[in-house]
Protein chains: 2
Amino acid sequence: MMTVEEDERIRNNLDTDDDIYDEDGNVRSDFLTLVVSALTERNVPFLQHNVARLHESEIGDLLESLQPEQRLSLVRLLGDDFDMTALTQVDEAIRRQIVDQMPNDQIAAAIGELDSDDAVYILEDLDQVDRDEILSQLPFTERVRLRRALDYPESSAGRRMQTEFVAVPPFWTVGQTIDYMRDEEDLPESFSQLFVIDPTFKLLGGVDLDRILRAKRHEKIETIMRETSHPIPAEMDQEEAAQLFEQYDLLSAAVVDDNDRLVGVLTIDDVVDVIHEEADEDIKRLGGVGDEELSDNVTSTVRSRFVWLFINLLTAILSSSIISVFDGSIEKMIALAVLMPIVASMGGNAGTQTMTVTVRALATGDLDIHNAWRVINKETCVGFLNGILFAIIMGAIATFWFHDSQLGIVIGAAMIINMVAAALGGILLPLALDRMGADPAIASSAFVTTVTDCTGYFAFLGIATWWFAIH
Amino acid sequence: MMTVEEDERIRNNLDTDDDIYDEDGNVRSDFLTLVVSALTERNVPFLQHNVARLHESEIGDLLESLQPEQRLSLVRLLGDDFDMTALTQVDEAIRRQIVDQMPNDQIAAAIGELDSDDAVYILEDLDQVDRDEILSQLPFTERVRLRRALDYPESSAGRRMQTEFVAVPPFWTVGQTIDYMRDEEDLPESFSQLFVIDPTFKLLGGVDLDRILRAKRHEKIETIMRETSHPIPAEMDQEEAAQLFEQYDLLSAAVVDDNDRLVGVLTIDDVVDVIHEEADEDIKRLGGVGDEELSDNVTSTVRSRFVWLFINLLTAILSSSIISVFDGSIEKMIALAVLMPIVASMGGNAGTQTMTVTVRALATGDLDIHNAWRVINKETCVGFLNGILFAIIMGAIATFWFHDSQLGIVIGAAMIINMVAAALGGILLPLALDRMGADPAIASSAFVTTVTDCTGYFAFLGIATWWFAIH
């Protein structure tokens with residue numbers, strides 16, 4: 001048990017130093033140790049004083065640094081002082097683990113305090129039964145709002161929007177509007193624009209707050225509002241919505257239903273999360289790890305990676321079967337077995353380079369029908385030129401290594417062919433997948449290396465077989 | 001030449017349909033055709049009417065869809081009506097191409113109209129001589145501001161900040177502040193918070209606009225301001241600044257110099273660009289394509305990719321030399337040559353999976369010293385379990401393929417070893433690179449596949465040699 005003085009000292013110590021991170025951006029080890037021992041000793045005052053006061057994202061990072069059981073005990077010990085928004089800042093696996101262990105009425109009480117977008121974020125992971133039980137314990141308006149947001153498809157703008165917003169009629173003056181905001185208690189926690197609506201909630205326009213502050217009190221809202229040129233349909237995919245935000249540098253945007261009625265507001269901080277998720281997804285798909293997260297357990301990780309590895313096994317067997325066609329040539333000349341992986345590997349890497357650029361350019365919209373031919377052309381040239389360079393280099397190396405200049409010529413020719421094949425595969429396969437409506441990030445790398453492996457083995461062993469047969 | 005009626009029709013037609021994009025998000029082909037023919041016919045009214053009115057990002061997309069000479073002719077024909085901010089929306093290569101062809105006085109005139117962050121974005125790409133000439137043509141205050149921003153290191157917060165901001169003293173009332181904003185002409189184009197400073201420009205705090213609107217007119221600014229808990233030092237790397245924005249859901253943040261004096265403001269829209277750039281960088285580095293952009297020309301693309309491919313050639317030769325050690329065994333049993341790429345390829349893919357997760361987790365801060373052991377442990381288990389699964393599958397396939405159950409046992413054993421090596425290499429190499437202060441994304445994939453290729457060949461051929469020697 002800590003003495004009161006010790007505890008006091010630590011408290012003061014932590015108070016003066018506000019930052020829970022070390023210089024590498026990790027949670028400070030000494031802070032973590034203190035939290036862990038407070039958990040073991042069930043020292044609730046310490047936790048209330050030093051953890052509950054943290055920013056939601058700091059609590060999130062702290063949760064990620066703790067062991068699973070410690071996370072639960074932190075949430076239990078803090079009770080009502082635990083800030084549920086912290087759960088929006090952690091991996092899905094950790095969120096599920098914690099929420100599954102919390103009693104539904106505690107979740108309901110906590111959810112009632114959250115902004116609707118955070119509430120939806122937590123509710124959407126729960127199974128139907130728990131979700132319904134929690135919703136039934138919420139006040140009517142709250143429940144209707146959340147249900148409506150949850151009715152929109154997963155990953156849609158409607159799921160990410162906040163249903164709290166400030167809306168005023170067009171005939172109000174600036175003065176009236178400011179007075180309303182001064183007196184109204186029930187405003188969203190923070191907002192950067194007002195919306196202008198008609199009596200049926202139809203969206204007429206928006207006014208940024210700086211515009212209000214610069215206008216005279218007697219000016220009418222309708223004279224200073226601007227048409228919202230980019231209202232976001234609630235059904236729109238969040239990725240598309242994020243692209244609109246980026247393109248037009250929006251801070252917040254109105255979300256409207258099928259009848260153009262204002263149902264919520266999407267804010268840039270949610271969009272930043274979406275941008276992150278989407279980049280993450282692209283990186284992971286290119287690396288063949290689907291939607292896996294760091295905190296997933298061993299079983300689910302094995303399962304999710306197995307599929308990708310199994311596809312790779314099939315493609316590897318396919319390229320090996322090409323090798324087996326030429327087993328006679330290899331038997332006569334073992335050097336072919338030694339050199340063939342080099343041709344395949346160079347093609348694989350060159351193909352991955354082209355594919356990475358293509359997939360990324362497709363995702364950001366930089367590559368489209370207007371410049372596709374130009375890019376295909378460029379990539380083929382690049383592949384051909386690098387093919388020639390590496391044909392010369394590798395040809396020379398093979399000649400010296402095996403004292404056989406003919407082998408050098410053969411590997412050089414195969415290198416050029418495979419580098420051009422790599423360029424074409426690297427750009428055409430993602431383009432084709434994209435055209436077919438598939439995500440080019442997800443399957444491209446398996447397909448591209450299949451092309452380069454098969455072409456590499458076939459070109460090298462085939463040319464060798466033919467060349468040494470006629471010479 | 002178009003008739004007046006035709007021209008009129010097109011104009012109206014385009015006016016009614018506001019969207020220049022087709023449903024795939026590409027610039028509409030018919031719009032592009034019209035622009036191109038207007039360029040050929042030097043139809044300036046058409047361009048002024050239909051292009052100059054577009055949003056900067058739309059003009060940017062249009063520029064990217066045009067041929068290089070068409071881009072220049074668009075900029076020339078539009079003259080002063082060309083919105084220079086569009087240049088902040090295109091690839092660096094395209095920006096350089098256009099700016100290099102524009103006379104310096106035209107650039108200077110245009111730069112004077114821009115927000116400082118956009119101006120810096122364009123100026124930083126120019127060479128010293130042009131930059132100085134352009135700066136010398138700007139008004140004094142403008143010049144000093146831009147020079148100061150340009151003095152900060154590349155990719156720092158100081159380079160990305162906007163030097164226009166609204167700052168008020170703490171003793172002003174809300175009423176005074178609102179009146180000041182109503183009367184002051186020279187306010188930034190849009191802003192979401194005010195800063196509070198003392199007479200020496202030392203930062204005291206910030207007030208969000210919604211807070212001002214909710215306060216009574218007589219309230220003092222100092223009573224409603226909040227301490228800016230996260231002022232950003234101008235020297236801070238933009239990536240680090242972006243992480244602060246994300247972590248604390250900021251919309252804008254004060255940028256301060258070494259003496260805590262307010263020098264600018266960093267806004268979320270710039271941060272969104274940074275987040276994109278950084279994700280882009282990670283994806284491209286993992287794919288071995290450095291800082292290449294889609295619009296780079298053939299020569300620079302060949303050059304930038306050559307380095308990576310050359311490194312890969314060396315590592316491929318290294319693994320091939322392992323094969324050559326076992327040429328005697330391959331000579332006796334050609335099946336080894338056929339099967340060995342499968343072991344290497346499976347290891348390479350498993351290693352890439354682990355590496356992708358690790359590199360991404362390091363970039364987002366999810367992986368740190370507190371959970372590194374846990375993750376290493378998990379990855380090793382995953383590698384071992386998938387190793388066993390694929391040992392069984394591939395062992396069975398090899399047994400049937402070559403009618404040799406001993407070959408099945410050998411490849412199974414090699415598979416397990418290589419999958420575990422892949423897991424260890426996939427996590428330990430990025431961690432080691434990160435610890436040494438290197439970017440784990442940049443070199444990991446070359447190193448990881450070297451490990452899995454070498455281990456794969458050595459384990460498979462080594463076990464085979466030993467096994468068939470004793471049986």
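Each Cβ is built from the backbone N, Cα and C atoms, and glycine gets one as well.
TrEMBL labels come from automatic prediction, so no person has curated them.
The domain 'CBS' annotation in TrEMBL covers B:161-223 (among others).
Look at TrEMBL and you will find B:225-281 (among others) tagged as domain 'CBS'. Residue counts of the domain 'CBS' (B:225-281) by helix, strand and coil are 24 helix, 16 strand, 17 coil (DSSP-based).
Residues annotated as transmembrane segment in TrEMBL: B:306-326 (among others). Within the same chain, residues 288-290, 336, 340, 344, 446, 449-450, 453-454, 457-458, 461-462, 464-465 sit at least 6 positions outside the transmembrane segment (B:306-326) and bring their C-beta atoms closer than 8 Å to a C-beta of that stretch.
As annotated by TrEMBL, transmembrane segment applies to B:384-403 (among others).
The feature transmembrane segment is assigned by TrEMBL to B:409-433 (among others).
If you look up TrEMBL, you'll see B:445-469 (among others) marked as transmembrane segment.
Sequence-distant contacts of the transmembrane segment (B:445-469), counting only residues of its own chain at least 6 positions beyond either end whose CB sits under 8 Å from a CB of the stretch, comprise 286-288, 308, 311-312, 315-316, 318-319, 322-323, 325-326, 328-330, 332-333, 336, 339-340, 343-348, 350-352, 355, 406-407, 409-411, 413-414, 417-418, 421-422, 425-426, 429. In the predicted structure, the domain 'CBS' (B:161-223) carries a mean pLDDT of 88.
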